[in-house]
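> My structure is below; once you've seen it, I'll send some questions.
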Amino acid sequence: MVAERSPARSPGSWLFPGLWLLVLSGPGGLLRAQEQPSCRRAFDLYFVLDKSGSVANNWIEIYNFVQQLAERFVSPEMRLSFIVFSSQATIILPLTGDRGKISKGLEDLKRVSPVGETYIHEGLKLANEQIQKAGGLKTSSIIIALTDGKLDGLVPSYAEKEAKISRSLGASVYCVGVLDFEQAQLERIADSKEQVFPVKGGFQALKGIINSILAQSCTEILELQPSSVCVGEEFQIVLSGRGFMLGSRNGSVLCTYTVNETYTTSVKPVSVQLNSMLCPAPILNKAGETLDVSVSFNGGKSVISGSLIVTATECSNGIAAIIVILVLLLLLGIGLMWWFWPLCCKVVIKDPPPPPAPAPKEEEEEPLPTKKWPTVDASYYGGRGVGGIKRMEVRWGDKGSTEEGARLEKAKNAVVKIPEETEEPIRPRPPRPKPTHQPPQTKWYTPIKGRLDALWALLRRQYDRVSLMRPQEGDEVCIWECIEKELTA
């Protein structure tokens, strides 16, 4: 019985199932899972394994190969199936996504006893039956067939026939050959010779091709650009991921679009690279329309999708923005003309300035007080009267003395009296009063405010400078007449 795909679960419900492979791989499983590449794509994976008598001594290596390869596919929506073949084929694990059943299927696979012939077509037939029951073209399936010997008789033709049926159902077929296999036989069974993985070193070397199988089989779409477009606009879609070269060799890559979940169309991509793809997209004519994007690598038989949706939105055509910019530029030009018009195109004739006011009269300085000069008692010189008895004083100045004093001769006992000048005491300067106000506290915006104030003062000064040149009421203004006079001169 084939299990159907389980319904969607909450993110937390996958916590334990997502770790089942790490538990099976032992204590170092978590570290290896972080270091080794993995595949997050959701698809159905079928292992078709040779259990003929020639692999009896190497079955544990085949089991380890299956276990380690299954660890790399980490999508919670992935489903697995184990099929073994010899003279007949047997389903060890029907297709299921239940992690408990997968763990039990691995245990059953480990206990298989190899015996019989190598009828690989019988295993492919059971895989095709499960693909049809699981949904056929609605699912993305991968078949990995492993054998160790040459196919005899009609087995190669039967195997090729079953492989074609698998591809018609949308499945990709990969072959692993160990030791004594024939390369040409497996190339005809697989999709291409690049999808055949030879292991010449024996079963112990199987683990060396796990990364190669993963790189070839895991095709993922990780990013879509753009996610929104303008209504009525032509555009192209860029898909980013890995494994895009899978179907590009035979031209079977298609970009599939579903518009509003109503109709579907497919186109060939413009270019396909290993990790990117460029596809032309249909035009969306209404706002709110959605475009669901998916990719097919087998000519449309099966598709790969992952919530890749493009939405149409209303967009302005840019004319309104251009008009607004032009209007702003026009207003700016008018403002500049108004500012510089008085400087370049107007000559202002002003009335002559009034005569300057008379200079103020300088006040006469007060004469300095007369200096006290020494006086001489001329009585000792015999002047003023008979016998010089009458007292007479002679005052000396900067120009000499009086006429009487000029005719006198100094007596021996003449006395010169010099008035004593009293020195005024020096008054000490009163101390400077202490400032009564505190300096303003500096704010964080003080430097910015200072620079803005300086810029505003500069603009005001320039404006005042221009405004002084503007004509005032009563001024005579000449524009073209003055220009003509200058030209004629």
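A Cβ is built for glycine as well, from the same backbone N, Cα and C atoms used for every other residue.
Annotation comment: Swiss-Prot describes 1-33 as signal peptide, evidence class sequence analysis. Positions annotated as topological domain 'Extracellular' by Swiss-Prot: 34-318. Annotation comment: Swiss-Prot describes Cys39-Cys218 as disulfide bond, evidence class experimental evidence. For Ser52, Ser54, Thr118, the entry in Swiss-Prot reads divalent metal cation binding site. The feature transmembrane segment is assigned by Swiss-Prot to 319-341, with sequence analysis given as support. Sequence annotations record features per position, and here Swiss-Prot assigns topological domain 'Cytoplasmic' to 342-489 based on sequence analysis. Residues annotated as region 'Disordered' in Swiss-Prot: 419-445.
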> Applying the rule Cβ within 8 Å of the centroid of the Cβ atoms of Ser52, Ser54, Thr118, what extra residues of the same chain belong around the divalent metal cation site?
Asp50, Lys51, Gly53, Val55, Ser86, Pro114, Gly116, Glu117, Thr147, Asp148, Gly149
> According to DSSP, does Ser54 (divalent metal cation binding site) sit in a helix, a strand, or coil?
helix
> Given a Cβ distance threshold of under 8 angstroms, which distant residues of the chain, six or more beyond its ends, lie next to the transmembrane segment (319-341)?
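Cβ under 8 Å, 6 or more out: 466.
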> Please report the three-state DSSP label of Cys39 (disulfide bond).
strand
> According to DSSP, which of helix, strand or coil covers Thr118 (divalent metal cation binding site)?
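Coil, per DSSP.
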> Mind telling me which of the binding-site residues Ser54, Thr118 has the densest Cβ neighbourhood, counting other Cβ atoms within 10 Å?
Thr118
> Please report how many Å separate the Cα atom of Cys218 (disulfide bond) from that of Thr118 (divalent metal cation binding site), as a whole number.
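For Cys218 (disulfide bond) versus Thr118 (divalent metal cation binding site), the Cα atoms are 28 Å apart.
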> What does DSSP call Cys218 (disulfide bond) in the simple three-state scheme?
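In three-state terms, Cys218 (disulfide bond) counts as coil.
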